[in-house]
Amino acid sequence: MSNEGRTRLNQLPEWAALGKHREQLGDTHLRELFAADPARGTGFTLRVGDLYLDYSKNLVTDETLALLRELAAATGVAELRDAMFRGDKINNTEHRAVLHTALRAPRGAVVEVDGVDVVPEVHAVLDKMAAFADRVRAGEWTGHTGKPIKNVVNIGIGGSDLGPAMAYEVLRSYTRRDLTFRFVSNVDGADLHEAVRDLDPAETLFIVASKTFTTIETITNATSARDWLLAGLGAGQEAVARHFVALSTNAEKVEEFGIDTANMFEFWDWVGGRYSYDSAIGLSLMIAIGPDAFREMLDGFHLVDEHFRTAAPEENAPLLLGLLGIWYGAFHDAQSHAVLPYSHYLSKFTAYLQQLDMESNGKSVTRDGQPVDWQTGPVVWGTPGTNGQHAYYQLIHQGTKVIPADFIGFARPVADLPAGLVAQHDLLMANFFAQTQALAFGKTPEEVRAEGVPEELVPHKTFQGNHPTTTILADALTPSVLGQLVALYEHKVFVQGAVWNIDSFDQWGVELGKVLAKRIEPVLTEGEGGERLDSSTAGLVAAYRSLRGRD
Ligand SMILES: O=P(O)(O)OC[C@H]1O[C@](O)(CO)[C@@H](O)[C@@H]1O
């Protein structure tokens with residue numbers, strides 16, 4: 001889907017109107033916006049499925065939102081969205097459809113790629129995954145020596161790791177606590193070593209997750225895992241079949257590696273790596289939480305897909321979140337976006353969003369290859385909130401940067417939290433609410449003085465406030481809520497890519513480093529070819545070789 005001839009974003013009248021509006025708003029403070037509209041705190045909210053979204057503490061007025069929606073209309077967000085759901089090849093540099101939404105379509109829905117309905121295939125793989133997961137969970141899938149599987153090690157990287165690893169943490173309270181799950185991604189041998197050192201190979205299943213099955217980190221780790229297994233069992237290649245399964249789009253490479261393709265769970269080139277954990281890539285998660293909870297998660301995704309597809313612009317949560325990000329990047333010069341969950345279980349959520357957002361929208365040319373001269377994707381960062389409060393929140397409160405932040409919290413702690421610890425939840429959530437309040441309203445010099453603070457300390461104890469936040473509150477962290485949250489962010493990223501007119505579904509930016517690493521490896525090991533390197537890299541490589549005693 002090309003869009004040649006489209007007016008450049010920053011030449012649209014809608015863009016100019018936003019610029020003018022920004023000038024008019026000037027330094028208008030959230031304190032003023034709230035004072036002017038007593039209903040703002042309840043009016044600037046949305047409900048989507050189980051998510052309650054409060055966007056009132058953003059630096060926007062009704063007019064800002066209307067202008068942003070006009071920008072979305074002028075840039076064809078809805079048309080591109082419909083093209084995505086329809087299965088058009090909107091990933092134009094790779095000529096691929098973008099259909100992660102089909103992964104969570106209910107049985108019986110129809111989604112066509114090149115005239116073929118893909119939903120039956122999706123459900124056939126989900127059924128195969130469920131049958132396998134049930135066998136492992138029931139102790140019926142045995143290893144080479146006949147022992148049931150007790151340990152599951154997912155080997156993958158990027159989208160083939162971050163999704164299942166994140167979701168496993170998020171849904172810990174739903175997992176089989178008697179089974180061990182580990183996630184290996186780093187080509188640093190320490191990752192695999194630490195993951196398997198206390199495991200019995202006879203009880204260990206490796207899930208090799210790779211869309212392409214050519215990713216060097218994953219194939220290297222999988223090869224080492226196979227060596228560890230066979231050495232531990234004292235067995236030959238015949239032991240591999242009971243201990244290795246593959247998740248991939250590439251049957252040929254899976255077979256080449258020595259994994260029986262009967263033990264391969266397929267997905268398709270229309271699933272981007274960072275959009276894939278609800279495909280076969282989620283097998284480790286499905287074993288951990290069971291097929292029913294996995295289905296609930298998919299239904300959560302689907303609920304937000306349908307919301308995004310059908311909700312009016314004024315009520316469309318992904319559209320709103322996407323447009324707010326565009327507003328801050330373009331008109332407030334925000335360089336980053338913080339995601340701050342108030343749940344220990346969401347400790348890997350922001351790391352997951354980093355790939356989703358930054359690999360999707362870290363682009364600087366438009367869909368037809370022209371350089372952009374507007375901000376694209378922000379730096380996404382953050383860790384669970386209360387820990388952040390004692391680390392980097394100082395900078396958010398009193399530093400010089402504009403850092404829009406999403407606060408994510410839950411009304412109820414997870415169901416299996418011991419009664420003695422449940423009481424701590426109110427304290428956690430008191431912090432959650434207090435922080436967005438402090439960020440928005442701050443503390444004026446007058447308020448500080450009224451506390452009797454010595455004059456020389458007043459500037460230090462003043463909080464300027466006016467720091468934008470969006471609060472996402474849900475009842476509890478269930479599989480469905482996780483699906484809803486991930487889909488919300490997926491579509492937010494989509495909206496931004498559509499407005500910025502970039503291809504959010506390719507990732508050419510990861511290629512160069514891979515090629516150079518391949519070239520440098522023989523220089524490290526054999527010492528040949530160093531003269532072709534630049535002087536800095538050549539010096540570093542020489543130092544490395546010398547430290548390793550190779551020269
Ligand atoms: O699943 P694969 O093919 O091993 O790729 C892993 C990751 O590598 C990338 O292609 C680049 O980092 C990601 O998009 C992808 O999620």
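Please read every residue number as a count from 1 along the shown chain.
Cβ coordinates come from backbone N, Cα and C, glycine included.
TrEMBL: automatically predicted annotations, no manual curation.
Per TrEMBL, the features are as follows:
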{"type": "ACT_SITE", "residues": "E359", "note": "active site, proton donor"}
{"type": "ACT_SITE", "residues": "H390", "note": "active site"}
{"type": "ACT_SITE", "residues": "K514", "note": "active site"}
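Feature map: TrEMBL annotations on the structure.
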residue	record	CB count, 10 Å
E359	active site, proton donor	22
H390	active site	8
K514	active site	11
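Cα-Cα distance from K514 (active site) to E359 (active site, proton donor): 15 Å (rounded to the nearest whole number). Taking the Cα atom of each, H390 (active site) and E359 (active site, proton donor) are about 29 angstrom apart. The DSSP secondary structure for H390 (active site) is coil.
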